[in-house]
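Taking it in order: structure first as structure tokens, then the write-up.
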Amino acid sequence: MEGNLKNVLVLSFGFLLLFTAYGGLQSLQSSLYSEEGLGVAALSTLYGGMLLSSMFLPPVLIGKLGCKWTLVLAMCCYVAFSLGNFYASWYTLIPASVLVGLGAAALWSAQGTYLTIVGNMQARKTGQVGKDVVSQYFGIFFLIFQSSGVWGNLISSLVFGQMPTQGTIPEEQLQACGASDCLMATLSANSTNRPSQDLIYTLLGIYTGCGFLAVLLMAVFLEPVRDAQPEGEDEKQAPPFWSTLLSTFKLLRDKRLRLLILLPMLSGFEQAFLSGDYTRSYTTCALGIQFVGYVMICFGAADALCSVLFGRLARHTGRTVLFALGAVTQLACIIALLLWKPHPSQLPVFFVFPSLWGMADAVWQTQNNALFGVLFEKNKEAAFANYRLWEALGFVIAFGYSTFLCVSVKLYVLLGVLSAAMAAYGAVEYTESRKADGPLAAGRTKPAEDGATQTKL
């Protein structure tokens, strides 16, 4: 196996192991630690840390440590989060969440930079077009990485499946589930017995082991790389703090970006709702915590499959059709969740919603990044720093108000953000279509550069 492909596979399986652990834990935070809103407070803090670090930390760390050791250091932050869950309290989870937030932006920036460098190295070696090889390597990475949502949630459901079978849930309790839930943000998940501490420790032990394996795999087998510099140029230095910070906000002078910041915020809002509210107020409330993993498997599988499908489909349809599909799908889900009264007798419905949600999320993850890559090609670093910043802000706001609002209100907020984001996107699409080079949608997909393909934590 040639060296560059080996490095891509090492990176991919390292992320698979890491996010098998983190993804499963994130899905359970709001259900396991619902007392006083600790779970959602931890997630809000996490994304707050990411929001701040995304403005300046990634280029500084990558410049000082290189991509490989930035990846290893950032992964250690995720392992610390798993360890913090062993003794979950405000004094352990909140600092651990800050660490993950600080490491997340650096992790994804280093991942994108590394894949771009090895893709271009392979292209020079074989005489291929650079962007084609980079696109191929990103495709391999996400094909492997996206399955982490399946494995992490499968592990949690199998472990918690050892819990004693609970009795019939009282009808009056079911009436408080779903959009009607206004109490479970501050009360324990009362629809199911909390898993025994032994089961929780077993799950955390498995997740922590996956994290340590990821760090070990990257530290031992991933080869360090450096971006090739044109002849006569000095080695590229990490930009100073103020330069990075200012370039991020200076790009907001562009009217198109000011309109498009609603798209990454929507991505943050909708992911936060599914992992923080749907898992707790619909699944845990009506079925039990042991079903959280299974419903999130549907989300992860649908997201992964549709990401691959939409990436190919966009070449033929353009982005506009896919944005419309994502908006209509998410709109239908929001309206249905407002009206639906979850009940254990409707078991298949619990899996349909996250599957459709995953399809819509696949649109936002693939097409938002492609859109930013095309519109702001000359300022891609600042553009994607803005993307990470505004998506993180969406997470922070959504998790921040999670303990204070009824689920129905959160759904109306999400509906408003979706409507505003689509209106803003339509305005940009219309403006671009009037330019001499034709409609933006005709641009098809363009392989993203330097971390421009994924912003998920």
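Using the three backbone atoms N, Cα and C, a Cβ is placed for every residue, glycine included.
What Swiss-Prot lists as N-linked glycosylation site is N190. Look at Swiss-Prot and you will find 438-457 tagged as region 'Disordered'. The transmembrane segment annotation in Swiss-Prot covers 8-28, 42-62, 65-85, 86-106, 140-160, 202-222, 257-277, 291-311, 320-340, 344-364, 395-415.
Beyond its flanks by at least six residues, the transmembrane segment (202-222) meets 6-7, 10-11, 13-18, 20-22, 24-25, 68, 71-72, 75-76, 78-79, 82-83, 85-86, 152, 155-156, 159-160 of its own chain at Cβ-Cβ distances under 8 Å. Same-chain neighbours of the transmembrane segment (257-277): 26-27, 29-30, 39-40, 43, 47, 251, 296, 299, 330, 354, 357, 360-361, 364-365, 368, 371-372, 375-376, 383, 386-388, 390-399, 402, 407, 410-411, 413-414, 417-418, 420-421, 424-425, 427-428, 455-456, counting only residues six or more beyond its ends whose CB sits under 8 Å from a CB of the stretch.
If you look at the transmembrane segment (140-160) against the transmembrane segment (320-340), you find fewer than three C-beta pairs under 8 angstroms, all six or more positions apart, and that falls short of contact. Most Cβ pairs under 8 A with the transmembrane segment (8-28) among the ranges 65-85, 291-311, 395-415 are made by 65-85. Ranking 42-62, 65-85, 86-106, 320-340 by CB pairs under 8 A with the transmembrane segment (395-415) puts 42-62 at the top.
Proximity of distant same-chain residues to the transmembrane segment (65-85), defined by a Cβ-Cβ separation under 8 Å and at least 6 residues beyond the stretch ends, is recorded for 11, 14, 18, 21-22, 25, 46, 58, 92-93, 95-97, 99-100, 102-104, 106-107, 109-111, 113-114, 117, 204, 207-208, 211-212, 214-215, 218-219, 222-226.
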